[in-house]
């Protein structure tokens, strides 16, 4: 959660990125900070962006982040797509919250995107895409729908009011994540103020089904992410203070998406003074069900400006017991990889 901003001239003066297209183009092709012929480098694209959610849609990698800026400047969401983890295309302003009357026109945080098949065909036009977002520093969590049937939108608010309104079990209505289980059920995880909540989504993906459940694990602060692997549910979340190097990621496990969860969290992501600090608010993707990648934000070493957060990708590994191993954060990033 929290702020982000992107100043093209400033970022280009301090980061070794190339922008082949002009800034006025509706989509901007970006190169990651490539450190070799095969590795992307971290951060993966320019600009102050945090809370990155990774998705795999239509043989492309997608990242939906928060724009890291003052609350008053956070009035939109950008998205980024890549065929290979090396070259990224920026899709500006996929949702403008100033067009949403209930939004308060500030503090647009932590988007999460899911999709629903319209028919049995697998063409991209056969999907409806839904974007869950929080605005107004806890005003509520809304849901928007792609008007084009594509993951880049643009998206428009579909309810005219929040899907989740106000505080639930002490949880601020921020940092939504849609988790689409392999049994066809959809779950919405969310929560700030050190409380975590989950609720099932209706089949239409724009309504709630059933009751809210509080699932707060020890140390939870914000930024939930649910991952399922080999029948085990890994509930990942941010711990510590997002403004300093106590920020990190821990996880607990369960046999169901609503718990009960293991009682002792394990911390697997932590910044350091050699690579980057304030590492947190993660997501995870796997291209093949075997190799796993963690996407997260961090700050440059010795940069304490609260909104100077950048998006990074590193590998994530499991041991034979199914435990997530501590992540080695890097400057070189991950190797390029296409999706079949």
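Cβ from N, Cα, C; glycine included.
Annotation source Swiss-Prot lists active site, proton acceptor at 51. The local packing around residue 51 (active site, proton acceptor), expressed as other Cβ atoms within 10 Å of its Cβ over all shown chains, amounts to 33.
Summarising the annotation, Swiss-Prot assigns active site, proton donor to 222 and lists similarity to another entry as the type of evidence. In the three-state DSSP scheme, residue 222 (active site, proton donor) falls into the strand class.
Secondary structure from DSSP puts residue 96 (N-linked glycosylation site) in a beta strand. Taken from Swiss-Prot, the feature N-linked glycosylation site applies to 96 (among others), supported by sequence analysis.
In this structure, residue 165 (N-linked glycosylation site) is part of a beta strand by DSSP. Residue 165 (N-linked glycosylation site) has a Cβ environment of 13 other Cβ atoms inside 10 Å. What Swiss-Prot records for 165 (among others) is N-linked glycosylation site, and it gives sequence analysis as the kind of evidence.
Around residue 302 (N-linked glycosylation site), a 10 Å sphere centred on its CB holds 7 further CB atoms from the protein chains shown. If you look up Swiss-Prot, you'll see 302 (among others) marked as N-linked glycosylation site, on the strength of sequence analysis.
In sequence order, 314, 315 make up the list of same-chain residues 6 or more apart from residue 328 (N-linked glycosylation site) whose Cβ falls under 8 Å from its Cβ. Taken from Swiss-Prot, the feature N-linked glycosylation site applies to 328 (among others).
Under the heading signal peptide, Swiss-Prot lists 1-24, citing sequence analysis as support.
According to its DSSP assignment, residue 51 (active site, proton acceptor) is in a strand. Considering only the recorded positions 96, 165, 222, 302, residue 51 (active site, proton acceptor) has 222 as its nearest partner by CA-CA distance. Considering only the glycosylation sites 96, 165, 302, residue 222 (active site, proton donor) has 165 as its nearest partner by CA-CA distance.
A straight line from the CA of residue 96 (N-linked glycosylation site) to the CA of residue 165 (N-linked glycosylation site) spans 19 Å.
Residue pair residue 165 (N-linked glycosylation site) / residue 302 (N-linked glycosylation site) shows a Cα separation of 38 Å.
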